[in-house]
Amino acid sequence: TDLRPLDILAEVVPSDGATSGIRIVQVHGAWGLQLSAAAPHVMSFPASRIFSQCDLFPEEFSIVVTLRVPSLPPKRNEYLLTVVAEESDLLLLGLRFSPAQLHFLFLRKDRAGAWQTRVSFRSPALVDSRWHTLVLAVSAGVFSLTTDCGLPVDIMADVPFPATLSVRGARFFVGSRRRAKGLFTGLVRQLVLLPGSDATPRLCPSRNAPLAVLSIPRVLQALTGKPEDNEVLKYPYETNIRVTLGPRPPCTEVEDAQFWFDASRKGLYLCVGNEWVSVLAAKERLDYVEEHQNLFTNSETLGIEVFRIPQVGLFVATANRKATSAVYKWTEGKFVSYQNIPTHQAQAWRHFTIGKKIFLAVANFEPDEKGQEFSVIYKWSHRKLKFTPYQSIATHSARDWEAFEVDGEHFLAVANHREGDNHNIDSVIYKWNPATRLFEANQTIATSGAYDWEFFSVGPYSFLVVANTFNGTSTKVHSHLYIRLLGSFQLFQSFPTFGAADWEVFHIGERIFLAVANSHSYDVEMQVQNDSYVINSVIYELNVTAQAFVKFQDILTCSALDWEFFSVGEDYFLVVANSFDGRTFSVNSIIYRWQGYEGFVAVHSLPTVGCRDWEAFSTTAGAYLIYSSAKEPLSRVLRLRTR
């Protein structure tokens, strides 16, 4: 098949609508087809009609359907679309719904045999006698459902859609499963298969999202009297053009008036004279997120750090709950185990450099075998190509390290969480001594259950902000921002926070923002409540005139433990690590996109389990996110698909 929309509904409905048993009905100003009176074989066609060159169903695709469903009995199921093997009557692929769920069915085969797999989306709110447009997008192990251009619901299934699903000798059935049982009794207006991509960007945004159009049969077009909103353009003329792919080709008289597509820059160029002239420079935009790798770790992972070592490669360090943490190297598009490092309930890693020296510092939460509490700085050995112990520093239930440089001097700040049961203790800033080549204590700052440090600069000024989590009786404590003046950090501003676990600083143009992840609203004098974990995290913006950060936006989160800022092309995003909602650790983490005046708006919902930390990184192959789980020995690498 080519990569244009394949109008499945048009294949069974002639342009004059003269198919026995089909009725054309208008409801709420829109025309649809009622198929329930038509025999199943009438509403079918051989798969070979559209899969003429290859009999394999595409591995990545979208199904777009616009329908109106009346109320159904509780246990009734109706089929919208099926692909059935004619000889065996085996269901190869299907889309059906019940009053509470939408089910996507497909056949999966391996050496053990064949079995049917079902991916179910709960409560799509279809059975309300209104028009709805659904986009089911399938890519590898990710199944995404978008209803009326709303927020997509993503499911990362354990069983991915097969890469080699053969439809040889099969038939498409619209509105049935080849039988009278399960016939579709509602109205259908659009049923389109789009191979190769998510159809949502072609449909959305739309002025009339429930009736957004990718392609509808001609018999319905004739009744509208005007082009539909977002309808695919119909081109009256066609011509053959030659497009060259690959590296930049020569542009001479031979190539004159020919096109070259630069896949790396996503640009289309036309040869004019002796020069390639840009005719289309596509802006890279985030399309969807797909699972790329399941990274099995030594134990639950509390923090991750992605970093590069010049001439060596890309690495990720995992801070694991048990006695061994690990470093993984990016090899052939995946992270593979590279080095194990003994740790003691490690909370976080921090990579930094001083000159040509490369360091990796771990924050250990628990004491070692001798009962001594030390966090350790490791140094990269260019000879061994490994990290080796360099300096141990006494810490108290350390949660985080922050490395930074001010006026050519190098510093490390540790977030000391508690000493015994006392959370109100000093955290320490260490300064690199070039003479001894060691870090030495430079300044102490009083903190309350410190969880995270974040350093940033504004013009000539250097700032350090701490996330205070707990003061011994309450999570309702102030977190503090410090400014460096006269050789030390001094209090600049205080923020009311609720179990603050992370600060993230980021820039959008000339604007500077600070986002805090609030994890829990708790006080010893109040009873524990489940909803105390579902609270607002806050984004602040620097007001230069007021010389202070002011609240910009509240975002409802579920025991948020981390924010990560990243960009794709000209778009900016924040992803939050939602860890617990008071009932379960299986909570969706959310990607928010910058929408200017609207602030950050949710665009992707990612299933996570006890999510603790997010990191964004990129390679020559594309952009990725990785998250760690504090509840299972599994971190996941997600790929950001762009268009």
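Heads up, the Cβ atoms here are built off N, Cα and C, so glycines get one too.
What TrEMBL records for this protein:
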- 15-197: domain 'Thrombospondin-like N-terminal' (DOMAIN)
- 287-332: repeat 'EAR' (REPEAT)
- 334-382: repeat 'EAR' (REPEAT)
- 386-434: repeat 'EAR' (REPEAT)
- 438-480: repeat 'EAR' (REPEAT)
- 488-544: repeat 'EAR' (REPEAT)
- 548-596: repeat 'EAR' (REPEAT)
- 599-642: repeat 'EAR' (REPEAT)
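With respect to Cβ pairs under 8 Å, the repeat 'EAR' (599-642) is most closely packed against 287-332, considering the stretches 287-332, 334-382, 386-434, 438-480. Note: the repeat 'EAR' (287-332) comprises 0 helix, 35 strand, 11 coil (DSSP; helix = H, G, I, strand = E, B). According to DSSP, the repeat 'EAR' (386-434) comprises 0 helix, 38 strand, 11 coil.
Mean pLDDT, taken over the repeat 'EAR' (386-434), works out to 97 on the 0 to 100 scale. Each residue in the repeat 'EAR' (334-382) gets a DSSP state, and the totals come to 0 helix, 34 strand, 15 coil. Each residue in the repeat 'EAR' (548-596) gets a DSSP state, and the totals come to 1 helix, 37 strand, 11 coil.
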